[in-house]
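To start, the structure under review is shown below, and the notes come after it.
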């Protein structure tokens, strides 16, 4: 059969990487100008693939808005191919819902520009891909995925080498854990195998002999794929002339300036009946381990933590809150703006922390804009909701507190909020005297009561005097000073999405009931609640006794420091091989807080480590020595690193909260926290995208890298069959299982980008204050059988508390939009539909068996099963529906 060579012109566009965004944008404008001219002058130049993303159009049209009609025309003609993504994201370091928003807004852009062509799941350079990608794509009607990494190893020089784990063909079947399948197209010869095609006959002869042979080696059909482009590659203007030369030299091959639509149509007609099936995540599991790029999970951890905060704000607070307000279009517009701004930080070279320092400084500003904007929006919209509620109380002195519950699950937790007991505005008296006047006020005793619950346990502390201001919608700003209280209360709610009003009521009688403090004997360095007992040791490590099982987890929280002579992409241990730990430290321990609802202990340790790598590392960096071949050790000069660890135990909590502050004074090193689980079994679990995946503790025999690090989203869990320990983190995405211990990376300090040149990155050393937050959750059995992952997902999402005035609003004291049940199911989305006509709820089932989902809502007329793109599939019922959620299935319901 005659071979067909499909030549697809493209440019893989890293929006920011070895230059800042604006530097790369200059060349994007050149590329697009040249491309539009080529479309106009060369009718044989059929199409150009815009790297699977739509943000490139925004970046271009912001500079050249007059080109929009021309761009739109070529998109509608099928010559300029965009989407389906808004940006080419890193798959593992962005949340499940962020991956879906990326697809939603990308598809919306393609429809806005009038693109009619079917989409492909495009992952040309993604640093590994989550296992549920086939299910997500299939639910969006996308039946093929193109990817360059994850099955065969890829080096920093962007060359892919064949490996037995990959399919023998470029074409394969990729299956998600739930059984969903897509056709997988492996870019086995990388996304530049047809780059810069010669027009000179002699050069073309040499070029095509090699390229055709390489492509035929992996092709299961007569259709051969050649990607005519590479990173930031200018469009090849004479590619159609080069094709004519090739046709003359190789008459037995049909050379075609093509696109993915035509290529996929052709190969589907010829695919063999039996293709290799690859199931689940693609992480280079069976390679030598040196080119996985997994340690981007720990480069510049501060970026990952900011991203986690922003994703949580948008997914778990701002979007659900939209369903409680009248002006849903305002919410929808702000939500899209904040999501798109946040996703500017989600390309792999951005969120992975593997770019030059200037790129990541700009990222910090974007995160700050999203966080500040979303926080303001939530606060102001919360005030508008609160102003509509009936907040009258028998006592005129009662302070109404509206609790907005937006996480979509019921449950109990300890809530902390600052309340203005008394405000004095600057227009009421001379501002210079206000603080003293406020300090004279005697703080009364308070109780907190809810109309449907009565009084709840509460702790109140004087928080002093604070400056603030109001911004009335119909007037000039009003500055004030306020006397504040810090109110901590136990909140047990059966709300899923809604609000209820509580009242902070002053009472004359003093508290007489004795409340048991969580630290009974301060000299014993022990915290204890109903579920666990925490014993702190002299070296600063601690043990947890799970009171429900009687199992003790010993010597948790020892810190380990080793040299790192790698780069932003990959960790490489220094050649000295020395581990420095806090095991022999003498820690200082002090109580920060101790009451009936919450206790916090601070542990302070000093660890002496080498100040940097030795001078050999500089030489190896300058000579571009590949990281596995480096031999540098650590310097003789020493420096002290101060670690401050806060352990917090709350009433009723099943987990111990840990906050670590590292004052980093060293370079070229990695610091981890160690959590042993005695007699751990050979596999463990980690949170991924719509999946809790099971992974082996030890690598495949082909693995040569001494380190076997992994990605996680929210949690990692290790058990011994009877008892387990789950660690739920906030923005910590790297771990390793080492000798029956979970090692969580808290800090990684390196000084260069890596890859194809020498790009120094001194800010990637992360000097100064570094924070890490996580929760330790002991349990019986494994993480799935114990359902402990539900608490892990819920931990970052706190209720929003709004202080308001007493008023006779039209809304009742409490409202709940829906309720649901389904043991072990995880709710990931609670948002307005993109078209503004209803509500979207999404769950996934992490378990290996099916589960019934029951949903009730009296606020909507119809309930539909929906695609991931929020399109109706079938009507399920009205107020009450029950469906079966298959093992590891993602389910989306649409309410109208």
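Cβ atoms here come from the backbone N, Cα and C positions, even for glycine.
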Swiss-Prot annotation, divalent metal cation site containing 12, 14, 125 - matching residue among 346, 348, 360, 393: 348
Residue, out of the binding-site residues 12, 348, whose Cβ gathers the largest set of other Cβ atoms within 10 Å: 348
DSSP-derived structure type at residue 14 (divalent metal cation binding site), helix or strand or else coil: coil
Output field, divalent metal cation shell: CB within 8 Å of site CB centroid, site 12, 14, 125, 348 dropped: 13, 17, 88, 124, 126, 231, 347, 349
DSSP state at residue 348 (divalent metal cation binding site), helix/strand/coil: helix
Largest tally of Cβ atoms lying within 10 Å of a Cβ, found at which of the binding-site residues 14, 125: 125
